[in-house]
């Protein structure tokens, strides 16, 4: 008798995606982050759903409803901090996943890569809107500053900002629509994940060598399912440590002060994972220029397949490219640090230099060094 998982129309799809999927035998733990992101998305949707049952998206009661969740709802504090710190874990996994793609040349699968960029933007938009919902000081002023950036768009900018706000400032209408979109977007993300996987399974996974591995495949289950479960367990442990021992480590103390439009905090800054882009935005004195640099800092990923000049796909055997890759990582960490600092000397000049280095590395130095490596190998 034929196994039901291979004949049933629905089970067959699951089987071909998660059980009998031929997978390169050489893929390392850097390939774990895709499944970890799926786990993160699951955690976020579940905790978010239960939080939405108790949250009210009204400026008069939003802050109070979050307090009520933490104090009066059974395990509400756990839900709230799992959701807040789960977002941080989500973005850490996302950055590592993108970094893996850059290092091993996974961007050569352009469809999968482009859907991934769409996912990155969707997650960033969701995280930003989620940050506004507790309606603390940083929520309110963060929303004001970031949405105001759209006013830099010529001609339609001001109208666009007021249309997003639903009035002449960030107010009740803004909070309500941000809650609606924050609730909706994770489901759109889940649909995009399916598209991402659909494109990935058309080509099969890349591997650390960057060499086609059709001759050396193993089934996804049990080999990689066990590996993914270990990764998920490790991540869950880190998340629980964060939630139970220092839940506010990655948050902003200003967000425990209710939103007050009449009192501006001394340093307005977004969540820690947006600080690198915020630093690039601040390093350009012109408003429109800053906004363009901010968008390009992420959109530059879409150019990666075009900027690939090496004859080898992966950086595994390219030591010069590896040096530049890790310089890029160090540069992003520097930008993250600068984004959290006040706008004063010497932070301004460090931010400007780090921003120039970021774009130079990706657009100029890395493609050039790849050509040099080709020459050294007489290719």
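Just so you know, glycine gets a Cβ as well, placed from its N, Cα and C.
Worth saying up front: this structure is predicted, and the values here are computed from it rather than measured.
For 83, 182, the entry in Swiss-Prot reads heme b b562 binding site. For residue 182 (heme b b562 binding site), the count of additional Cβ atoms within 10 Å of its Cβ stands at 21 [all protein chains shown].
What Swiss-Prot lists as heme b b566 binding site is 97, 196, and the listing cites similarity to another entry. In this view, residue 97 (heme b b566 binding site) is surrounded by 20 other Cβ atoms within 10 Å of its Cβ, with every protein chain counted.
Here residue 201 (ubiquinone binding site) comes close to 16, 17, 21: these same-chain residues lie at least six apart in sequence, with C-beta atoms under 8 angstroms from its C-beta. The ubiquinone binding site feature in Swiss-Prot is assigned to 201; the stated evidence is similarity to another entry.
Among residues of the same chain six or more beyond the transmembrane segment (33-53), those with a C-beta under 8 A of the stretch's C-beta atoms are 69, 79-80, 82-83, 86-87, 89-90, 93-94, 96-97, 100, 182-183, 186-187, 189-190, 193, 228, 231-232, 235-236, 239. Residues or ranges marked as transmembrane segment by Swiss-Prot on the basis of similarity to another entry: 33-53 (among others).
Residues or ranges marked as transmembrane segment in Swiss-Prot (evidence: similarity to another entry): 77-98 (among others). Sequence-distant contacts of the transmembrane segment (77-98) (same chain, at least 6 residues past either end, Cβ-Cβ under 8 Å): 30, 33-34, 36-37, 40-41, 43-44, 47-48, 50-51, 66, 69-71, 116, 120, 123, 127, 130, 235, 238-239, 242-243, 247, 250-251, 271-273, 301.
Residues 55, 57, 62, 66, 87, 90-91, 94, 97-98, 101, 106-107, 139-140, 142-143, 146, 174-175, 178-179, 181-182, 185-186, 188-189, 192-193, 195-196, 199, 270-271, 273-274, 298-299, 301-302, 304-305 of the same chain lie 6+ residues outside the transmembrane segment (113-133) yet bring a C-beta within less than 8 angstroms of a C-beta in it. Summarising the annotation, Swiss-Prot assigns transmembrane segment to 113-133 (among others).
Sequence annotations record features per position, and here Swiss-Prot assigns transmembrane segment to 178-198 (among others) based on similarity to another entry. Below 8 angstroms of C-beta separation, residues 17, 37-38, 41, 44-45, 48, 52, 55, 57, 112, 115-116, 118-119, 122-123, 125-126, 129-130, 132-133, 143 of the same chain, each at least six residues beyond the ends of the transmembrane segment (178-198), sit close to that stretch.
What Swiss-Prot lists as transmembrane segment is 226-246 (among others), and the listing cites similarity to another entry.
The feature transmembrane segment is assigned by Swiss-Prot to 288-308 (among others).
Sequence annotations record features per position, and here Swiss-Prot assigns transmembrane segment to 320-340 (among others) based on similarity to another entry. Through the fold, the transmembrane segment (320-340) approaches residues 99, 102-103, 269-270, 272, 274-280, 282, 310, 347, 350-351, 354-355, 357-358, 361-362, 365-366, 369-370, 372-373 of its own chain, all at least 6 residues removed from its boundaries and within a Cβ separation under 8 Å.
Outside the transmembrane segment (347-367) by six or more residues, the chain places 279-280, 282-284, 293, 296-297, 300, 303-304, 307-309, 321, 324-325, 327-328, 331-332, 334-335, 338-339, 341 with a CB less than 8 A from a CB of the stretch. Under the heading transmembrane segment, Swiss-Prot lists 347-367 (among others).
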Inset, instruction - Determine, to the nearest whole angstrom, how far the Cα atom of residue 83 (heme b b562 binding site) is from the Cα atom of residue 97 (heme b b566 binding site). - result: 20
Legend entry - Cα separation, residue 182 (heme b b562 binding site) to residue 196 (heme b b566 binding site) (Å, whole number): 21
Inset, instruction - Note down the number of other Cβ atoms within 10 Å of the Cβ of residue 196 (heme b b566 binding site), including every protein chain shown. - result: 21
